Amino acid sequence: MTTFRWLASVARPELNRLVAAAVLGMLATGCAIGLMATSAWLISRAAEHPPVLYLTVAIVAVRAFGIGRGVLRYAERLVGHDAVFRVLGRTRVRAWIDLDRAAPAGLGGTRAGDLLTRVTRDVDAIQDLLVRGLLPIAVSLLTGIATVAVLTAILPAAGAVLLIGLSTAGLGAPAASLVLSARAERRFAPARSALTTEVHELLTGLADLTAYRATDERLHRIRQQDGRLTGILRRSAFSTGVGAAVANAALACTVTGEILVGVPAVRDGRLAGVVLAVLVLTPLAAFELVTPLPAAARHLVRGRQAATRLRALADLPSPSVCWGSESADSGTLSAQHLTVRWPGASAPVLTGVDLDLRPGRRVGLIGPSGSGKSTLAAALIGFLAPEAGRVTFGGTELASLEEASYRRQVVLCGQDDHVFDATVRENLLIGKPDATDDQLFDALDRVRLGAWVRRQPNGLGTAVGERGARISGGERQRLVLARALLADPAVLVLDEPTAHLDGPTADALIHDITDATEGRTTLLITHRHRDLDAVDDILEISCTNSPENPSPTRKSPIWTPTGARPTTSPSARSISSATRS
Ligand SMILES: Nc1ncnc2c1ncn2[C@@H]1O[C@H](COP(=O)(O)OP(=O)(O)OP(=O)(O)O)[C@@H](O)[C@H]1O
């Protein structure tokens with residue numbers, strides 16, 4: 001879809017409101033021009049001291065135009081902004097749907113700061129495109145034509161002068177402004193995004209950067225990006241100034257031109273003397289139409305760029321499972337000949353994997369870093385659709401199951417699960433939105449966090465800080481585990497819950513996990529062999545060089561039973577288990 005089509009598709013439902021805003025804008029500017037023209041006539045005519053009755057119509061018209069201008073301008077702003085905010089709402093929802101479709105596995109190639117800029121500043125640029133770009137252009141075009149027609153009817157040469165003046169200011173000034181700022185405008189959105197990304201990286205990595213004394217280098221980069229953006233804005237402001245200068249010069253020439261064609265016409269008797277003031281003063285109001293046009297042209301260019309960036313969100317890879325509509329019942333979670341590849345990767349991480357998580361069994365999965373344990377978890381949870389093979393739950397392929405019902409049954413508790421900058425209660429309620437405080441404490445007690453929460457002055461209302469910055473790593477891990485337990489899934493996939501914890505804390509957490517997952521189907525992914533004491537089956541993934549991947553530096557995983565010989569599979573990769581009970 002082209003950017004224009006994308007834009008048309010988000011704006012089309014509000015077309016009636018946008019047209020109404022344009023019409024109201026035309027009437028408002030028409031009133032402004034009418035006010036100037038009628039006032040000019042009134043002043044000239046009044047200088048002749050006619051009976052006041054002769055002026056009544058003009059006086060009423062001046063009042064009507066004056067009131068109409070204000071009321072209509074207000075109505076135009078109201079209707080226009082109402083329409084535009086609706087478009088913005090739709091644009092944000094669309095951006096969100098695109099991100100949701102791609103998340104989480106499809107967002108690997110994006111940067112948080114850039115995405116943030118797209119869903120905030122780029123969406124705002126669409127607002128400017130409509131309110132400060134398209135609407136003023138449409139209003140000035142239509143009102144300009146009407147004004148030229150009226151002046152032509154009074155004196156054709158005066159109409160021609162106004163036409164030339166308005167065209168110069170309405171086309172020449174924006175064109176000059178755009179030519180001067182073309183390069184700057186092209187670089188504006190990427191530069192703004194780059195600055196946001198740098199600032200975001202600095203803020204999120206501040207602790208590490210401080211520890212490594214690398215903040216100066218980052219600040220230097222931010223200063224450079226800021227300088228780049230400032231330079232772009234300066235060039236943009238300069239071009240706006242040039243545009244305004246061209247428009248003002250065109251206005252001065254037009255007024256002079258009207259005098260030059262009007263005075264001889266009065267002398268010849270082709271024009272009444274009182275109308276000369278109308279010819280001379282009307283351009284002053286008419287040019288108010290074209291003064292915003294250089295800025296409008298810039299908003300068009302920026303808005304188009306923003307629309308291109310927002311439209312591109314639809315092109316993000318969508319590696320998740322395409323869900324169906326069948327309700328998920330409890331049963332065995334199986335992977336059959338599963339091959340999984342991350343978006344954009346040259347080779348799959350897992351090939352021909354077979355795995356059964358039978359109801360009530362606790363299975364431990366161990367293997368070296370990078371061997372594909374988290375990738376398997378992502379495939380089992382539906383974040384990555386199989387490239388080949390299938391994942392089934394209760395015998396039904398994931399692609400046939402309804403996502404929400406599957407998510408109620410199978411929950412992933414990862415090593416870096418997000419802790420929201422909210423209270424303990426709010427973080428827990430994500431697992432079960434209607435949970436009572438008693439249920440929350442029950443889940444917290446099962447991971448031995450209840451006593452700590454009860455000791456806090458605010459109890460469940462204790463704020464945990466951004467990414468859990470105000471609680472310890474162990475408390476954070478227990479909190480996300482409590483959240484997963486609260487969801488009460490049939491199958492719990494725990495991806496290295498003891499990562500980032502010291503030995504004793506990790507031992508204590510594993511002990512709690514063992515208690516809390518009694519009788520629940522559980523896949524425990526871990527690096528530590530000692531974590532596997534309480535599981536029923538152990539799967540081991542080891543890395544070795546395979547004939548199809550002979551490079552000594554690149555390793556491909558082979559799934560082997562603990563202590564057993566590697567099993568073979570068509571792809572030379574398989575998974576099998578050592579049953580402990
Ligand atoms: N989000 C991602 N996008 C692209 N490739 C990824 C992504 N996550 C993992 N990979 C690739 O998959 C390979 C396996 O990673 P994975 O995280 O599954 O290993 P792991 O066994 O869980 O490692 P660890 O024990 O260190 O967590 C990695 O080498 C990496 O190249």
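Heads up, the Cβ atoms here are built off N, Cα and C, so glycines get one too.
Remember, it's a predicted structure, so these values are computed and weren't measured experimentally.
Taken from TrEMBL, the feature domain 'ABC transmembrane type-1' covers 19-302. Look at TrEMBL and you will find 21-41, 53-72, 134-155, 161-182, 271-290 tagged as transmembrane segment. Annotation comment: TrEMBL describes 333-571 as domain 'ABC transporter'. Positions annotated as region 'Disordered' by TrEMBL: 543-581. Among the features that TrEMBL reports, compositional bias 'Polar residues' is placed at 543-554, 565-581.
Per-residue confidence over the domain 'ABC transporter' (333-571) averages 81 (mean pLDDT, predicted model).
Highlighted: of the candidate stretches 21-41, 53-72, 134-155, 161-182, 21-41 has the greatest count of Cβ pairs under 8 Å to the transmembrane segment (271-290). Sequence-distant neighbours of the transmembrane segment (53-72) (same chain, 6+ residues past either end, Cβ-Cβ under 8 Å): 24-25, 27-28, 31-32, 34-35, 38-39, 41-42, 45-46. Counting same-chain residues at least six beyond the ends of the transmembrane segment (161-182), those with a Cβ under 8 angstroms from any Cβ of the stretch are 140-141, 144, 147-148, 151, 235-236, 238-240, 242-244, 246-247, 250-251, 253-254, 257-258, 261, 282-283, 286-287, 289-291, 293-294, 296-298, 301.
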